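The feature transmembrane segment is assigned by Swiss-Prot to 41-61, 89-109, 126-146, 149-169, 224-244, 260-280, 292-312, 329-349, 436-456, 482-502, 528-548, 635-655 (among others), with sequence analysis given as support.
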Amino acid sequence: MDFIFHYQSSWLIPMLPFLSAFVAGFGLISFRLPTRSLRHLYGLISTITVFFSMIISMNLLWKYIIGHSNYCFLFPWIVNDNISLKLGFFIDPLSSLMLFLVTSVAVLVMSYSHGYMSHDQSYVRFFAYLSLFTASMLGLVLSPNLFQIYIFWELVGMCSYLLIGFWFTRPNAASACQKAFITNRIGDFCLLLGILGLYWFTNSFDFITVTKRTEEIISNNNSHLYFFIFCSFLLFCGPIAKSAQFPLHIWLPDAMEGPTPISALIHAATMVAAGIFLVARLFPLFQLFPSIMNLITCIGILTAFLGSTIALSQIDLKKSLAYSTISQLGYMMVAMGIGSYKAGLFHLVTHAYSKALLFLGSGSVIHNLEPLLGYNPENNQNLVFMGGLGKSMPITRFTFLIGTLSLCGVPPFACFWSKDEIIADAWKYNFNLGLIAWITAGLTGFYMFRVYLLAFEGDFRGIIFLNKNNLKSTKEVHESNLYMLIPLIILSFLSLFIGFISTPFHDYLYIFLDSPIVYDNETSYFQILLNFSSIGVALIGMIIAYSIYAYNNISIDFGFFKRSLKKIYFEFYQFSFSKWYIEVFYHSLFLSGTRNLAQLLFYLDQWLFDGVVNLTGISTLLGGQSLKYKESGRVSSYLFSILIGALVLFFFLPLHNSQIGSN
């Protein structure tokens, strides 16, 4: 038992869910019918293995809380005169915190999935993918170098592709998983180039060694500065894609085509968290280059504002939460870019539990609307057809409200402490940056409370859908089963209390992380006023949402802005609903542009290249056809041709010789 809770047993944390995935996958391939008959057993095994991983992670976290030092274990994999590749695991405060975060969310998601996916024919395949996804993220967190982190980085991307396209018979799901995979290919390729570029100069993949040697090389030879800046930019492109930052954010909303438990895991603790984790892991390297830190800040604040403005007008429940995730990830990037390392990780933790709660709550709503509105996501996820669900789903409503208040930044819920700290640090760093972050907080309050009101308050509007399609249903919406409710209740407590690990009164997280940034703890009255103003602007956004959607939302057809507000507001609504026309631009540039280029190349190939080849053959054919008539067999014709040739030579040669003589 002592070995299990020792540092050297850390490899068990990713290995247990990996073995669970292997057993389920092997069973599906080799013993399909027996495996399907034991489907619930496989689901239970998957949950138990991740639960044991969580217990080991909790033990490691506790060891660091009481003051243990870092631990690294490496063994050589490929060693020769030219290259040395090592694998292993690295335990420090950052990895121990992330291990507990990933495993705790994964256990709750798997427990929830027993109820949500119970009737799905591919139940075992779902848990196999889910276990592999969790194992890949845990392996990424434990990676001691860039080489190993890239291996698990790719595995995380592959698992997201499999899970987003889990219902691959749906055209939208098949398209969404391809979109996610291709978009992330851009970031992954840049990340690979950045890793290879740094290895070329530093001859190492180790995080600490790469940072130290980079600093030494730059201090000794400043001519290599721009090369290292470029490599750092390439490294950052990986998190841009993985964490859905502008301009590679377009895949995340479409990823909602996957099962809702997967959406919760992707948005809370795996896929998008991987990008933030990599920035945190490479934070000392990025700090060497102020231009890279400024780029991280600019990308982050633009993404935060973009995500919040698009979320204002979305009518799909899960996509509204997806754009919320994009916005909150932007906040985390802002924190990293301005040097607020601890605040960024703090918001990663608080947002993970709050967003997992919101997605699992939305899954509870969708799961109970499917028998009534059908299994088409355009109907059962449409906020237009919801409303009044709080009457029949009180526990789901209450837990969803807790997640909403947390994400809005209402004290004392978890996200209040983390988001407020990021906004405060943004004000300190730059006034304009703080202003945009502050406005984004107000928008967050509006769109999150709007989602809650449209889903749970007022009267049930699903009758509109039923009447429109001449359908009658005797089924009623009811509360979810205990498999789904217990994770919601646990996440509600976490969303309420997890924020107290880092407060202005005592910052336990700062002490635990041993943050590389020294903070100015002096707080002015102006700073306190700014902190309270962020709460105020969030409340203003919530009040505006309440005034619009709380009372007469049964008659809302989302033409409100067009009918009752000025044209400029309607145009802003259209701008938001059209997602800033970014996807329209991408479609015109890449999809239509590629098709037009292919069409142009087709015509060039057909008429120019093939034309030259075909012209050679045709000209030879015509020449042969014309010459065959001259081969008549008559001697007089041949003599006439010889005479003509002789006359030409007789007159041409003297003329040519005279020109040569004059020269």
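Along the chain as shown, the residues are counted starting at 1.
Even glycines carry a Cβ here, placed using N, Cα and C.
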Candidate ranges 126-146, 292-312, 329-349 - greatest C-beta contact count to the transmembrane segment (482-502) (under 8 angstroms): 329-349
Stretch contact, the transmembrane segment (329-349) with the transmembrane segment (126-146), Cβ-Cβ under 8 Å, 3+ pairs: no
Distant-in-sequence neighbours of the transmembrane segment (89-109), which means Cβ under 8 A and at least six residues beyond its ends: 7, 10-11, 13, 17, 47, 50-51, 53-54, 57-58, 60-61, 63-64, 70-73, 130, 134, 137-138, 141-144, 261, 264-265, 268-270, 273, 277, 280-281, 345, 348-349, 352-353, 356, 360, 487, 490-491, 512-514
Same-chain residues near the transmembrane segment (528-548), Cβ under 8 Å, at least 6 residues beyond its ends: 408-411, 416, 419-420, 423-424, 427, 434, 438-439, 441-450, 453, 560
Listed stretch, out of 126-146, 260-280, 436-456, that has the most CB pairs under 8 angstroms to the transmembrane segment (292-312): 436-456
